[in-house]
Amino acid sequence: MRIILLGAPGAGKGTQAQFIMDKFGIPQISTGDMLRAAIIKAGTEMGKQAKSVIDAGQLVSDEIILGLVKERIAQEDCAKGFLLDGFPRTIPQADGLKENGVSIDYVLEFDVADEVIVERMSGRRAHLPSGRTYHVTFNPSKVEGQDDVTGEPLVIREDDKPETVLARLGVYHEQTAPLIAYYTKEAEAGKTEYLKFDGTKLVAEVSAEIEKVLS
């Protein structure tokens with residue numbers, strides 16, 4: 001079961017990724033984690049290449065990232081499948097997977113309108129010292145603007161400010177709209193299965209739908 005997840009930041013992808021991993025016993029493969037591991041260990045040839053590029057402050061090429069992905073999915077814990085999150089981000093990367101013989105069984109897209117995502121994310125409030133988070137609509141603190149435990153002020157993290165969220169959504173649409181078209185076409189050709197979920201539904205509802213189609 002080889003799965004790619006597509007969805008804007010704040011669309012609930014991370015929550016459903018965790019559900020799929022727990023339910024089906026497959027690992028999540030994050031290119032960010034792989035690059036961090038390459039920096040620490042640099043155990044393989046690809047890892048060494050990635051480390052030297054990162055140390056030089058340069059962007060890691062698709063070729064190196066694809067090499068790291070191939071190495072990672074050859075490991076024992078990926079025998080039953082894996083979940084790719086945050087990769088591929090571009091058409092050349094999607095082509096690269098195909099050229100490297102990595103077939104994908106399911107592409108899952110989590111669809112949520114931009115204005116809903118902005119409301120979800122800009123409503124978040126954080127108590128930075130403890131890491132406790134709240135939401136003005138969905139999970140409010142007992143006293144507005146104050147942490148429940150300490151009474152200290154809550155803040156809006158930089159990442160959750162509406163202008164930051166909108167900028168991230170702009171990047172997502174620019175990069176991912178072509179991928180949606182790409183994998184829809186692959187599905188029409190019978191090479192993968194493309195499934196779209198309404199990310200505005202309750203988490204448990206979306207999880208139940210995913211379980212049904214993947215079982």
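The chain as shown is numbered from 1 upward.
Each residue, glycine too, has its Cβ placed from N, Cα and C.
Taken from Swiss-Prot, the feature ATP binding site covers G10, A11, G12, K13, G14, T15, R124, T133, Y134, K201. Counting every protein chain shown, the Cβ of Y134 (ATP binding site) has 20 other Cβ atoms within 10 Å.
Residues annotated as AMP binding site in Swiss-Prot, with sequence analysis given as evidence: T31, R36, Q58, L59, V60, G86, F87, P88, R89, Q93, R157, R168. Reduced to three states, the DSSP call for V60 (AMP binding site) is coil. With a 10 A radius on its CB, V60 (AMP binding site) counts 17 other CB atoms from all the protein chains.
What Swiss-Prot lists as region 'NMP' is 30-60, and the listing cites sequence analysis.
Feature annotation from Swiss-Prot assigns region 'LID' to 123-160.
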Key: Cα distance (Å, whole number) from G14 (ATP binding site) to T31 (AMP binding site)   = 14
Ask   = Just the number: how many Å between the Cα atoms of Q58 (AMP binding site) and G14 (ATP binding site)?
value = 28
Inquiry  = Looking only at the region 'NMP' (30-60), what is the model's average confidence as pLDDT?
reply    = 79
Ask   = Considering all pairs of residues in T31, R36, Q58, L59, V60, G86, F87, P88, R89, Q93, R157, R168, annotated in the record as contacting AMP, what is the maximal C-alpha distance expressed in whole angstrom?
value = 31
Query = What span in Å does the ATP site cover, taken as the longest CA to CA distance among G10, A11, G12, K13, G14, T15, R124, T133, Y134, K201?
reply = 21
Remark   = Candidates T31, Q58 (binding-site residues); min other-Cβ count within 10 Å returns Q58
